[in-house]
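Record features, source TrEMBL:
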BINDING   B:GLU156, B:HIS222, B:GLU237  Mn(2+) binding site
Amino acid sequence: MYEEVTGSLMQSYNICKRQVWLMAHQIIPDQEHPYIEMGRLIDDMSYDRDRKKINFENVVIDLVRNDNGNLLVGEVKKSSKAIGSARLQLLFYLYKLKQNGIEAKGQLFFPEERKKIDVRLTSESEAEVVSAINEINDIINMDKAPAFEKIPYCKNCGYKEFCLS
Amino acid sequence: MKKPVYIFSDGELHRKDNTLYFEGESGRKFIPVENTSEIMIFGEVSLNKRFLEFISQSEIILHFFNHYGYYVGSFYPREHLNSGYMILKQAENYIDEKKRLYIAQKFVEGAYRNIRQVLKYYQNRGKNLDDIIYAIERLGDLIAGTSNVNELMAIEGNIREYYYKSFDEILGNCDFEFDARSRRPPKNSLNVLISFGNSLMYTTVLSEIYKTHLDPRIGYLHSTNFRRFTLNLDVSEIFKPIIVDRVIFTVVGKNIIKKDDFDEDAEGLLLKDKGKMAFIEEYENKLKTTINHRSLGNSVSYRRLIRLELYKLEKHLMGEEEYNPFVAQW
Ligand code: SF4
């Protein structure tokens, strides 16, 4: 099964492998759940270059065109707790942009902590993204969804009722 | 929370830009698109393609009922949740006779256990149901050993026959005597209520299926011919005793529906609109009633419980977890 890795799959990958598999198989149990909305917005964003700012839940992604014609992709997060996943997600966008011929720099903002972190697509971090993409593909190609294991995120997950029913 | 809209009057359904309204004798009534899950049409209603297009886009299902209040059919907008994977799994479990039988048995088992639960409840309240429960339990023991769907259907039919006999004892109301199960159109008031309630149940389950990735045309107990919806009939079996039948016991027991709520016409007996509305009110209340759900750790409504049942079935089809039907605790 071939499935294009999207922003929402990358985000799921950081949360739960089971979610990756379910999403890729178009099993989207609860349409009314805010999480699903979020995923859609992220997907929209990847291709909509006119939009400068996207708001959802506690995340804001800013696309800022700077003076040199270079793109700065900034991502604002509430807290640096999940910095690992925020970084990987941003790297994924940078990677996607690069594939479309756009070189961009990334920056994570944590306004409440007055923190700013540069994220660059180096050969090392690019390898990280590629390996994440590969792993996502491996998960998708599994015969069955990875077994359900309760994690703290389940509470807020759109799949909650599906997994727990 | 989206809600069903019920239309009893005659008139026309219209689309005006991005809104919907119903035009009847008593004027225009707007239908809030965002808050409507389905439209249940009992009156003589006309509509056009523009209207259907907008309904499709808004993912609202139309369910049609005839003069007697029985389900005629649905306008089921093109699937918005599409998972080729799930449809393959659904078909695979249908084609393989063993797999199909297993699921069909589980539906009958769910129906049987919930019927038994309803009867036990009334037995505990002093109703004389010992013989019927005994007979039903003997039949229930045979479910798992059936070797094909026809045999299974026959057992189900027998269980139901005994079960409906218990209604006279439970209700103790000579205006609502059972006699025999008659359909299309039913000949006595109790049969009218059963058919009407079952029709509502079929549409409720169909609407919930619409929100999953299951294809309602592939059923396991009721055989599939790909022209009709059958999966909703299957899943309804589990919920009829604890939803529809309990509503019947309430509306008759509390005199909410009485003998004079029925009319006789050339072909049979029918429930007047006032009676239908009273029944629907109880039915909707029942669907909203919540119960505690152990694994979810919170309370869920009966309507939600139907959805969870479908999720369980999906997980069975995906080979994750064997399906076991919901059984009421009381
Ligand atoms: S409910 Fe939990 S296990 Fe299921 S997909 Fe969501 S996070 Fe993963």
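The backbone N, Cα and C atoms fix where each Cβ goes, glycine too.
A sphere of 10 angstroms centred on the C-beta of B:HIS222 (Mn(2+) binding site) encloses 19 other C-beta atoms. In the shown protein chains, 22 other C-beta atoms lie within 10 A of the C-beta of B:GLU156 (Mn(2+) binding site).
In the structure as shown, the Cβ atom of B:GLU237 (Mn(2+) binding site) sits within 10 Å of 25 other Cβ atoms. Within 8 Å of the centroid defined by the CB atoms of B:GLU156, B:HIS222, B:GLU237, the record's Mn(2+) site, lie the Cβ atoms of B:ALA104, B:PHE107, B:VAL108, B:ALA111, B:MET153, B:LEU221, B:LEU233, B:ASP234, excluding the listed residues themselves.
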